[in-house]
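A quick write-up on the structure given underneath.
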Amino acid sequence: MEFASFLVSLGTSAIIFVVLMFLFTWLSRRPGNVPVYYPNRILKGMDPWEGSSLTRNPFAWIREAFTSTEQDVVKLSGVDTAVYFVFQSTVLGIFALSALLLLPTLLPIAATDNNLETSRSATDTTSNGTFSQLDNLSMANITKSSSRLWAFLGAVYWVSVVTYFMLWKAYKHVAALRAQALMTSEEVLPEQFAILVRDIPSPPNGETQKEFVDSYFRDIYPETFYRSLVVTENSKINKIWEDLEGYKKKLARAEAAFAATSNRPTNKTGLLGLVGERVDSIDYYTKLINESVAKLEAEQRTVLAERQQTAAVVFFTDRVTAALAAQSLHCQMVDKWTVTEAPEPRQLIWENLKIKFFSRIVRQYVIYFLVAITILFYMIPIAFVSAITTLANLQKALPFLKPIVDIAFIRTILESYLPQIALIVFLAMLPKFLMFLSKSEGIPSQSHAIRATSGKYFYFSVLNVFIGVTLAGSLFENLKALEEKPNSFITLLATSLPKSATFFLTYVALKFFVGYGLELSRIIPLIIFHLKKKYLCKTEAEVKEAWYPGDLSYATRVPSDMLILTITFCYSVIAPLILVFGVIYFGLGWLILRNQALKVYVPSYESYGRMWPHIHTRILAALFLFQLVMFGYLGVKIFVWAILLVPLIFISLIFGYVCRQKFYGGFEHTALEVACRELKQRPDLEEVFRAYIPHSLSTHKGDDHQFKGAMSRYQDYAAISAA
């Protein structure tokens, strides 16, 4: 990439961000856009501008985000969101502290050497030999075996020590935050009074599954056992319930149309309403609702009597017993009576609960194999696209484009954006597929599935994006050498890293300027909302569904941040300027997403920080990769003292082990000292029980309105997000 292309990419991205920020300031003040920019506050019954004012200052939202406290985030968006901001601030601190030392020391050391002047090797530059302005500020300009390399080795130690310090501090903080939130919750949390039991053996003759479960736990916990809810096969009844809810929506639309026009609407009864007999919509859907209610009630009786599965949710009268039971071994055989903490009612993946113990293990390894195969096969198109999107390779692969590419303006635009956009498009195709694979493992809860998906996406990103793109840029020119000497892979990776630096600099800049600009302005959700409201929505419920914002999407957001983290780590010493981009990315991310968490996004679940051990492990994995990369690159530079990085690699492994042993237990289970704290309100155990009843098995009788608390918390929002 030429220097002009880099400046064009950086400048246009910055201009786009500024335009989107001012657009956000203008659009967010318009009353008609309030549901798009303040849905979190609306759903909580707050005034959209509570705690702020309708000032014309375009930077007022920045002050609000900075002055908000962690407890404000917990109150409005949950503990998981607060933990995500601990992640953002921790990484920001790592890069800021690293930059304070690395920028003023490494840049002058690199700039005053002359390796690139004496030997202009194409494999030892940050931009294929054309970007000399930045080459001179990187390790590429350091002469092999030079004593200056001591500074770069010391920088690896500095970055590592800063990371250890910040991660230890963050782990302690998150552990305390989780415990405090569980102890001081103002609401009764149904999951704290329940456990999830799987792999239930066949009941003795003459006993039902429910009687068997009740007798088993009543014998073990005679004073605190309350009751059980046996999991049932609900696929058929769920279909009936979904049809019923669909008919109710269509009836509401028909009634709204009748109220607006005084003409009774009609529709055809055939395929997609395009063929068949034309009928009165109100009468037709009323009839279908009555028929579906009758079917639902009949199917409920059948399901409860005949379709009980080998899993159950067991309830206790106090939290301590539930926490103790979740940590205890109930059967000598590991594949019988498997007990874990119960997830939130809205989190349960009901169809996975019946999957047997050994089946879950087999599924897990099969999924791991499928993910590995997917990574390998996905690397082919990513490597190919990354290779041909460098202009030199693009002209080789598609010679007829040469006259177009030679035009200066087009060349600059293509070099600025083509490779990065191609990469972003390829990555956008993955999340749903990886979520499907994660759920196929037999995972019981939504939050656990999201953590599993995030882990897969992280390794996919590192292997395909970081390593794949790094090698792909020199794929055509080094493929023959790799065939002749397969053992030269590590050397090829190490020598390819510097010349991919400018690609990743541009990629990070595109992500934080354009990505966060679109996030703040919410242009796309705004357009979709107004189009739906104008042309599709007929009822208030449909309008509410149109602006419902969803959550922060941790399954994709955390791995995307981890990719930037990995890139910044691995280039922090090779090309220290990337630290500036890393600081801007996580600084802007903290600021903009803080605003979104306080005003926009609504959490779809609450795991009280269980994402943190996953985040901590991936940060350490990125640090470990950074240390390996620097060991390899110092070796390429023929610096014999690179061997001094070997102890650092083992220190990282030991640090990870110590953190897991000290902190992880408090995230895997609820500590008894936390569970024993007295609640502010007395729990209604019947409400706790009913919170776990699936929608399709809930009664449709007139007394449903009395169940608030747990039922309203877990079912109302779930109904909106599922619609």
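Using the three backbone atoms N, Cα and C, a Cβ is placed for every residue, glycine included.
If you look up Swiss-Prot, you'll see 1-5 (among others) marked as topological domain 'Cytoplasmic'.
According to Swiss-Prot, the transmembrane segment annotation covers 6-26 (among others), on the basis of sequence analysis.
Among the features that Swiss-Prot reports, topological domain 'Extracellular' is placed at 27-90 (among others).
Sequence annotations record features per position, and here Swiss-Prot assigns transmembrane segment to 91-111 (among others) based on sequence analysis.
Feature annotation from Swiss-Prot assigns topological domain 'Cytoplasmic' to 112-148 (among others). Averaged across the topological domain 'Cytoplasmic' (112-148), the predicted model reaches a pLDDT of 68.
As annotated by Swiss-Prot, transmembrane segment applies to 149-169 (among others), with the evidence given as sequence analysis. Non-local neighbours of the transmembrane segment (149-169) in the same chain are 90, 93-94, 97-98, 101-102, 105-106, 109, 139, 142, 569, 572-573, 576, 616, 619-620, 623, 626-627, 630, 634, 637, 639, 641-642, 644-645, 648, 651-652, 655, 659; each lies 6+ residues outside the stretch with a CB under 8 Å from one of its CB atoms.
What Swiss-Prot lists as topological domain 'Extracellular' is 170-364 (among others), and the listing cites sequence analysis.
What Swiss-Prot lists as transmembrane segment is 365-385 (among others), and the listing cites sequence analysis.
The topological domain 'Cytoplasmic' feature in Swiss-Prot is assigned to 386-416 (among others).
As annotated by Swiss-Prot, transmembrane segment applies to 417-437 (among others).
The annotation topological domain 'Extracellular' is assigned in Swiss-Prot to 438-456 (among others).
The annotation transmembrane segment is assigned in Swiss-Prot to 457-477 (among others).
What Swiss-Prot records for 478-508 (among others) is topological domain 'Cytoplasmic'.
The transmembrane segment annotation in Swiss-Prot covers 509-529 (among others) and is backed by sequence analysis.
If you look up Swiss-Prot, you'll see 530-572 (among others) marked as topological domain 'Extracellular'. DSSP labels the residues of the topological domain 'Extracellular' (530-572) in these numbers: 32 helix, 0 strand, 11 coil.
Per Swiss-Prot, transmembrane segment is recorded for 573-593 (among others), and the stated evidence type is sequence analysis. Long-range contacts of the transmembrane segment (573-593) within the same chain: residues 62, 65-66, 84-85, 88-89, 91-92, 95-96, 98-99, 102-103, 106-107, 110, 126, 134, 137-140, 152, 155-156, 159, 497-498, 501, 504-505, 508-509, 511-512, 516, 519-520, 552, 561, 564-565, 567, 629-630, 633, each at least 6 residues beyond the stretch ends and with a Cβ under 8 Å from a Cβ of the stretch.
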(message) Within the same chain, where does the topological domain 'Extracellular' (438-456) have neighbours whose Cβ lies under 8 angstroms from its own Cβ atoms, ignoring anything closer than 6 residues to its ends? I mean 6 or more beyond.
(response) 80, 196, 198, 340, 343-344, 346-349, 352-353, 355, 359-360, 363-364, 367, 371, 431, 554-556, 558-559, 604-605, 607, 610-611, 614, 618
(request) Sort out the residues at least 6 away from either end of the topological domain 'Cytoplasmic' (594-614), same chain, that have Cβ-Cβ distances under 8 Å to it, and list them. (result) 37-41, 43, 48, 61, 64-65, 68, 72-73, 76-87, 170-171, 174, 177-178, 181-182, 343-344, 346-347, 445-447, 450-451, 454-455, 519-520, 522, 548-552, 554, 558, 660, 663-664, 667, 717, 721
